[in-house]
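This report concerns only the one structure given below.
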Amino acid sequence: MSDVLDLACDLISRPSMTPDDAGCQEMIAKRLERAGFICEHLRYAAVSNLWATHGRGAPVLVLLGHTDVVPPGPVEAWTSDPFMPDMRNGILYGRGAADMKGSVAAFVIAAERFLAAYPQHPGTLAILLTSDEEGQAIDGVRKVAETLRQRGQGIDWCLTGEPSSSKRLGDLLRVGRRGSLSATLHVKGVQGHVAYPHQARNPIHLALPAFAALTARHWDDGYESFPSTSLQISNIHAGTGANNVIPGALEVAFNLRYNPHWIAPRLESEIVALLDQHGLDYTLHWHRSGEPFYTPEGKLRRIAREVLERFSGAPPEESTGGGTSDARFIAPLGAQCIEVGPVNASIHQVDEHVCLSDLEALPDLYQLLIERLLAEH
């Protein structure tokens, strides 16, 4: 069994459902320390974070990942135990195989190989791992980034190992992500009998015109390589369950995925102004998950393109699509951020998996990126 496969299987066998790290980072830290890294455990609330560095000064390259996984769901739906790595027909199955214990294992192997070849490399190689990427993302990289900012720690480049590839390893290079803004809207009405609507105020009826305006609004025409901003209503709750009672309150949850044309406070102001036009008695609670980020053309993107083309056989698509990632907390520190990882077709699903050939190639891919950025600096 190869080094990367052995380490990936060890990680998968640890049931680190967010925010539980299940000992993954402790095991990785011991291994990195043997390679010469200085490791610091940063624990906030129930979340484990590992900050490991080798070298000193600029440029600083951070390999960013997470050791937590989403719950497997019904275990009986899996072909094999989700926390017992299983290899079948050239594929490794297990929760976290693709998202993202395979990448974390590849980071470690790539770092070990790089340091063996370049023990006195220029700059700083850092690895940042959290157990709070799949959960609330409050006490993970968000909190670590605050700590690094307070210390004055600069970061030049950040490589996130999220499963970004579409159909084959290296066919997509993530160069940015949209921002995410969530809201919970509470609309007050007056409960009553459906036969006597004049004695009640139906919050659903009152809010419908506002919802229509929100969902029909054209927010923008996109921004550079970003798609246009989107608002989606995700949950609506009202009523007692009885079909003869007008509800007294309505709760609606919605989310915006927005491009750099916007910042969260401006979006919030626009939505409040729209709601106020409809005379609703409401309260609104916001949750800012992260602002958008974008890595412009430069050394990082150029090198990443060249490396990915070497591994995939064709130039990668450069994309800002998908959901959010922890890179959104590193970008505000001034870092240029990209995401490169395995195929994402099975992430969060039953029988999550990664092709063994892709897993075996990942350390070489990451090592080449590290060498091109640090050793050739």
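Note: Cβ is positioned from N, Cα and C throughout, glycine not excepted.
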Problem - Record-annotated Zn(2+) 1 site (Swiss-Prot): member among H54, H66, H198, H205 besides D99, E162 - result: H66
Practice task
According to Swiss-Prot, D99, E134 bind Zn(2+) 2; identify which of H348, H353 is listed for that same site.
Solution key: H348
Exercise for the section: For H66 (Zn(2+) 1 binding site), name the DSSP secondary structure in the helix/strand/coil scheme. Expected result: strand
Handout entry: recorded positions: D68, E133, E134 - member with fewest neighbouring CB atoms within 10 Å
Key = E134
Practice task
Restricting to the same chain and to sequence separations of six or more, state which residues have a Cβ under 8 Å from that of E162 (Zn(2+) 1 binding site).
Solution key: D99, M100, S103, R174, S325, E339, G341, N344
Handout entry: Length of the line joining the Cα atoms of D68 (active site) and H348 (Zn(2+) 2 binding site), in Å
Key = 12
Fill in the blank from the handout: Should one count Cβ atoms within 10 Å of each candidate's Cβ, the binding-site residues H66, H348 would be headed by H66
